[in-house]
Amino acid sequence: MPYEPPEDFLHALRGLLERVPTPFYAYDLRRIEERTRRYLEAFPAARVFFALKANPRLRLLARLRAAGLGAEAVSLGEVLRAYVAGYMPDEVVLNGPVKPPAVLGELARSGVPTLVADSRADLERIARRLPEARVLLRLNPDLPVDTHPHLATGRGDSQFGVLPADWPDVFARGRELGLEMRGLHVHLGSNLNNPADFAARLEVLRRLRERVGPLEVLDLGGGFGLDLDPRELAPRMFALARSYGAELWIEPGRALVADAGVLVARVWAEKQTRRRYLLLDAGMTAFLRPLLYGARHPVRALYDAEERGVFDLAGPACESGDVLARAVELPVPREGDAVAFLQAGAYGGAMAMNYLDHPRPGEYAWDGRRWEVWRRPEALPRLWDDEPDRPEPI
Ligand SMILES: *Cc1c(COP(=O)(O)O)cnc(C)c1O
């Protein structure tokens, strides 16, 4: 059963609507705590790193750190953001296929997290620039997985990681280079809801064990879809880590935050073309997932009306793809009534962008009693702050 936000949260949203501009993101902290506890309890002897690209707000990161989680980053910016939120370098893992020299140089100054090397070239550059680094080597498990193609990072034709046939040699090369090679990293992709994908990966790793000696760390990444029960996955993941003599690490992102968050937008017009539309003040620049991944998010009305209708919900961009949901049944709104898109707490606010000079939405969190600001609504002049208004020599 998909999670439904509780009545008191929806009521609090109606109150918030009176005080802040739309569109905005809002999170129920109690749900984030519940999801985090569920993962910590299912993985008691593992280290859990929150994939901060799912929702990088500083206030969230500080709370998750207090709950005992580390942070998984995929860019220099995310590493520095985690440090700003209070994380120490040994609480941060940096992934990503490209780590240019300038990034490694900045890490040398600010603190070196555990690095996940993604290729032989990556490993050699790390050895030259950060010879003291602790390193995992990413495996490309060469597996098809059951998710949107843009989210399937573990396929053999994706750009990520080192294929199983090459992995043992590249890992040994890291040791030759003098790096502290701690273990193996593998991330299958995002939004995986089919336990068979996790089982297939375990099988690849079981076979690889014959060619790879004991490791200190086995990092099985994230990708846990909302429908999965972590308690059902954990025992076999622990057993695999034990077979490597390794500590288990995991990197959930979406699973901890997605269903705690909503995007709230107001309806400013109803119109009929060949379809019946509601026109909202939020679209693809506030919430990219429907366009980027064909994601479907349930919609709830934050108003009442007797009459109901079936609508497509479109945003303000001059792009025919700027539709957040299709064929949604809702009470017929009046001008200014608001709707909430559910399950928007992961990869929602994080992907908001400034295309069309749209300022990014505010973000707010509810603890059951009061609201706190996680991100102020972006102010318009900031969007052109970095642009010279007269010729500027380089
Ligand atoms: C994106 C990502 C994650 C988190 O994925 P979710 O689907 O949000 O759990 C974890 N690890 C790596 C390497 C990632 O790229």
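Every residue gets a Cβ built from N, Cα and C, even glycine.
Averaged over the domain 'Orn/DAP/Arg decarboxylase 2 N-terminal' (30-258), the predicted model has a pLDDT of 95. Taken from TrEMBL, the feature domain 'Orn/DAP/Arg decarboxylase 2 N-terminal' applies to 30-258.
The Cβ of Lys53 (N6-(pyridoxal phosphate)lysine) has 20 other Cβ atoms within 10 Å, all protein chains considered. Here TrEMBL flags Lys53 as N6-(pyridoxal phosphate)lysine.
Under the heading pyridoxal 5'-phosphate binding site, TrEMBL lists Gly223, Glu251, Pro252, Gly253, Arg254, Tyr347. The local packing around Pro252 (pyridoxal 5'-phosphate binding site), expressed as other Cβ atoms within 10 Å of its Cβ over all shown chains, amounts to 25. Pro252 (pyridoxal 5'-phosphate binding site) falls outside any helix or strand according to DSSP and counts as coil.
A coil conformation is recorded for Cys318 (active site, proton donor) in the three-state DSSP classification, outside any helix or strand. Taken from TrEMBL, the feature active site, proton donor covers Cys318.
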### Task
Excluding Gly223, Glu251, Pro252, Gly253, Arg254, Tyr347, please set out which residues of the same chain place their CB within 8 Å of the center of the CB atoms of the pyridoxal 5'-phosphate site, keeping sequence order.
Ala51, Ala54, Ser190, Gly222, Phe224, Ala255, Leu256, Ala346
### Query
Can you name the recorded positions among Gly223, Glu251, Cys318, Tyr347 whose CA is within 10 A of the CA of Lys53 (N6-(pyridoxal phosphate)lysine)?
Tyr347
#### Entry: Neighbour-count leader, CB within 10 A, binding-site residues: Gly223, Gly253, Tyr347
Gly223
### Query
For Cys318 (active site, proton donor) and Gly223 (pyridoxal 5'-phosphate binding site), what Cα-Cα distance in Å is obtained after rounding to a whole number?
33
### For Arg254 (pyridoxal 5'-phosphate binding site), the number of other Cβ atoms found within 10 Å of its own Cβ
24
